[in-house]
Each structure stands twice: as C-alpha cells, then as structure tokens.
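Here's the structure, in structure tokens; my notes come after.
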Amino acid sequence: MGIKSLYQIISENAPDAIKAGEIKNQFGRKVAIDAYVKTAQRYRASTDEEQLTNESGETTSHLMGMFYRTLRMVDNGIKPLYVFDGAPPKLKSGELAKRTMRKAEAQEAAEEAKETGTAEDVEKFSRRTVRVTREHNAECKRLLKLMGIPYIDAPTEAEAQCAVLAKEGKVFGAASEDMDTLCFAAPVLLRHLTFSEQRKEPILEIHLDKVLEGLGMEMTQFVDLCILLGCDYLDPIPKVGPNTALKMIRDHGTLEKVVETIESDPKKKYVIPDDWPYLQARDLFFNPDVRPADAPECDFKWTAPDVEGLVRFLVEEKGFSEDRVRNGAARLTKNLKSAQQSRLEGFFKPVAKTEQQKATAKRKAEEKAELAKKKKKEDAKAKRAMGAKPRGAR
C-alpha cells in the first residue's frame, strides 16, 4: 500500500525532488529492487489472453516477467539486485488481513463477472486476486541464480533492506512502487523501473534530500507526516486528509503535539482510533529489522549466466522457447561484462509542473519577495535612526 497521497504532496510542495527520464538514463547504476513488487507486477499485467501457464498447467507468468524485465534492465546497463521480503512486522498484520479480505471479495466478484459481466470486468477483478506464493518466490530465486543476478532475503520488509543498501552506498537507489521506502531513509527512490516496455511510463527518481527541503521538514517530521497520512502499519485518522495532515505537522511539529491537540479539542472534530500505536510505527521506520550493509549476505556480485541451466529450467521444465532463452542468456553475458561508462546526469529532466504547482511556487516566491522587502525597510529605518542620534551619543 505504501503511504496514502504522499506522491501528491511531494509533487505539489517539492516538485524539484522528482525527476523523470528513460530507463537508459540509469546506465551504469546498481539498483536494489523490491522483489515482491516486481513479481506481483507481472501477474497484474497479465490477462486471460496471455499465456499464464505452460502445457502442464503450471503458472509461468512470474518467471516470464522476472526473466524479460531483468533482461531489459541489464540491456540498459543497470545492475539489479533483488531483495525478497521476510516475515512482516506484527504491526503490519492488520494491513495484511485487509489485503486477504479484499482478494477474497475480488475472487467472488471475478466468478460472478464470468457469469454475468463483460471481459473487462473479469480481467479487472481477476487482477485483484493476485497472490505471490512461497513457491513463486523460490522459482524466481532459482531463475535469478541461473541468470547470474544476485538476490538477498530481508529479515522483514524488502523496501527497508533496499533503503539501507542505498543509504550505505552499496547501490544507487531503491526501486519500488511503495512510497514508504522514503520513510526508511532511502536517499533515492526509483519508481516504474520494473514496468514493462509497453507501459511507456517514465522512470521517476525521487530524491529524499529535495523532498525534505521542499517540505521544510526534518526526517522525523517527514516520517510523522507519513504516519498521519496512513501507512501499512496504521490507518489514517478519520477525516484527516493529505492537506490537513501536512498542515498539522507544520503547525505542531510532532505527532505527539498533533495527538495532544486533537484530544484536547472540546469540539472533537477529529477522533483518534483506540488502537493507534504511532510510536511503534515510528520506531519501525527508524529502526527496521535489516541486515547491515557490511553483512556477508550483502556482499553480492553479478556473474555469467548458466546457459544450459536456464535451458533446462525454462525450456525443459517450464515450456519456454529455447531460442528466446538462449538469446536472452547471450544478452546477459554481453551486457553484464560491458565496461562501466561515465554517466551524464543531464539525461534527466525535472517533471513538468502542473498549474497548481506553478501557483504554489509563485505564492512562495511572492512571500519571499515580501519578506525581503520588509527586511529592507526595517534595515533602512534602523539606519536612519542611527543617523539621527546626537553627536557624541553612544
């Protein structure tokens, strides 16, 4: 789920934190990728018309997505490192239960749509029933090993592990669609990196330092804002939308002060849920269960693919095209050996500002100009006062 409306807040209040570019612009970079998001994306992109299973009826869409989208990244000079989720924190159990319920409801709706609805209805509800299993993850790990692409298992949250690897300089950034990756202090969040080429979505670089600068916040305030917006650990406070949440943190500075203000309000405009352990949520963001970047498990490297192993697994066991698999292996061998070249940061351009963003920027510029004008007047007044003092006065 990530953080509700966080991208909207950043795009409106810190637009310079977001840069858009093509996948080729990531050339020469090592990137830690949230493997759950990557695996699930392929499922959600699949439709009934695509070949989701082999002749034996086994699901192969997760392997197809992992193989071809990884090839696309390597073709563009990216060195991917996949990070798989471990056990979720206990505080996340509520969100996971909701997801299970939503999938069950979607399954019922999909079955009903098959009887009475359109093909679009069937596809829409079928996508919501996606569930990545341990077997899917195990097969993806086997595939990555044969491809020569490294992966690690996170103790808990994959995005937290991606963030610490980026923070410690082991990789350039963390690739995930979950905005809460920024709450774990990832210096750079890459969105849409693992989308298929057909999606034609630009790769978004979101820089944490620019986010904090644009919002005028320290990291603790930013995390408090994200908790107030609603995250995987806690639901948002009823009736507190993104603009209200932003104003509350700016006005009061901390969640403690926000909670105190809400609870002392005689009108009871907002009501904090009985079970709302925001201190625990904050601690999970600042002290996640992750492997240190210098741990042996994080000493990863990229190797040449096992071509015959790939053929045995993908062709003989899973029914893939041998020509395509061998061609993909050749691309891996060639591109993983490619010498690193200098990067041109000019590849990226700032995201075009919306009318609302332009209006916000104009307002801030006017406020800044007004403050400068006021200060100039005060300085001139002080100077005149000094000049008006009688001679000999001290």
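Glycine residues also receive a Cβ, built from the backbone N, Cα and C atoms like all the rest.
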Per Swiss-Prot, which one of ASP153, ASP209, ASP224, ASP232 shares the Mg(2+) 2 site with ASP178, ASP180?
-> ASP232
Please state which member of ASP85, ASP235, ASP251 Swiss-Prot lists alongside ASP34, GLU157, GLU159 for binding Mg(2+) 1.
-> ASP85
Please find, within the list 259-267, 286-294, 322-330, 340-348, the residue stretch that Swiss-Prot describes as region 'Interaction with PCNA'.
-> 340-348
Where ASP34 (Mg(2+) 1 binding site) falls in three-state DSSP terms | strand
Using DSSP three-state counts, the residues of the region 'I-domain' (121-252) come to 70 helix, 15 strand, 47 coil
Densest Cβ environment (other Cβ within 10 Å) across the binding-site residues ASP34, ASP85, GLU159, ASP178 belongs to GLU159
Fewest other Cβ atoms within 10 Å: which of the binding-site residues GLU157, ASP180, ASP232 wins that one? Let me know.
-> ASP232
List only the single closest residue to ASP232 (Mg(2+) 2 binding site), chosen from the binding-site residues ASP34, ASP85, GLU159 by CA-CA distance.
-> GLU159
Per DSSP, three-state class assigned to ASP85 (Mg(2+) 1 binding site) | coil
